[in-house]
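Engineer: Got a structure for you, questions after.
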Amino acid sequence: MRSVISRIDLRGNPADPRASLPRAEIDVASAVEKVRPICEDVRHRGVEALIELGERFDGVRPAHIRVPADALETALAGLDRTVRAALEEAIRRARIVHRDQRRTDTTTRVVPGGTVTERWVPVDRVGLYVPGGRAVYPSSVVMNVVPAQEAGVPSLAVASPPQAEFGGLPHPTILAACALLGVDEVYAVGGAQAIAMFAYGAGECAPVSMVTGPGNIWVAAAKRLLKGIIGIDSEAGPTEIAILADDTANPAYVAADLISQAEHDVVAASVLVTPSTALADRVEAELARQVPAAKHRERITQALGGPQSGIVLVDDIDHGLDVVNAYAPEHLEVMTADAQSVAARVRNAGAIFIGDHSPVSLGDYCAGSNHVLPTGGVAVHSSGLSVQSFLRGIHVVEYDRAALAEVAHHVVALAEAEDLPAHGAAVTARIPREEQQA
């Protein structure tokens, strides 16, 4: 029987493995030109454009762009008790972790009379995007709102697509999650037009300084187009998991975790990296057993069978570490002997999950960690969403006259070396040359 997932044999191949591990191709650049007129329309026509675009793309003409307060209250009152308890626990754990990420101001005494203070200041206003479509993601509300709140952001707004099924409002579970978090500024706007609304402002929605949150290719394209007008977290691409495992790993767990990521999208990447052909065989057998029983088996089968997924055979764990560090996955699970020591050698990953009992799905919801993570290999230079994402470090410089006099001649020398004499003159106006220390 044909395996649901391909094998990639890198044994004996020390070359850069990235060419052998293709990712799904998402052409954000060409999408930018398609969202440009949408963003310009929102810029110039505001709410009128947003209502028309909602009808065009979401199949419903929302009666209100801003969700009324009573709709938030109604959604919370109607939330399933089990889901509410789970969301409250996810919020509680996320607050524990993100509260501990807060930065404190530090003052460094460079010389007597000369200090530099690093002051951490939250972004003034943030727009948080929560996608609709194939699935409902109240967890994305938690993961975006909690770090912003813990950073001290004074003004938060959430946007999520209007749903015809719910009378032009976002999904009630999204609204309930907002209510649980105390967010009362919510907009029934989706896609690129939501990012444009945040960037330019429209109606009751004042412009924001920063936009975070996942979305489809059109959301990513709008973020790219408007970056500079707004700060962004990232251009989220298809989700991905890599699992570094040896023959001590439980194949049923490995298969279940590969499937859980493939469940997201047909272009989701599920990659197992292992030196054990025996484990590879057992995982393939588990996939053959588990996939047919999955609710979204067609989507999962496409994702596992796509070129972005595979079982990668390597020489040993050291080689496997080279592979995963080059791949820089969004999520990395380590299921090996001495997994903590192996995980400590990983340099490039959005988040790392260690051992048999730390599946990615735990991190998606209730580990306390954040699930907004870098995709597409950008974990080589970028981090996941955190309190730090919403803070700016401002250097505050304070020197007295004596401290300036001590270094004035160096400032003047460097200014003259760079042919910027007015820079030096700004110092000599305060400290005449004869008073500058040589």
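Every residue gets a Cβ built from N, Cα and C, even glycine.
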Engineer: For the substrate site, Swiss-Prot lists T239, Q261, H264, D364, E418, H423; sort out which one of H319, H331, H381, H395 goes with them.
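Structural biologist: Candidate in the recorded substrate site: H331.
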Engineer: Between D364 (substrate binding site) and Q193 (NAD(+) binding site), what is the CA-CA distance rounded to a whole number of Å?
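Structural biologist: Cα-Cα distance, D364 (substrate binding site) to Q193 (NAD(+) binding site): 27 Å.
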Engineer: If you measure H264 (substrate binding site) to E330 (active site, proton acceptor) at Cα, how many Å is it?
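Structural biologist: Distance (Cα to Cα, whole Å): 14 Å.
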Engineer: Three states by DSSP: which one describes H423 (substrate binding site)?
Structural biologist: helix
Engineer: Name the secondary structure element type, per DSSP in three states, that contains Q261 (substrate binding site).
Structural biologist: helix
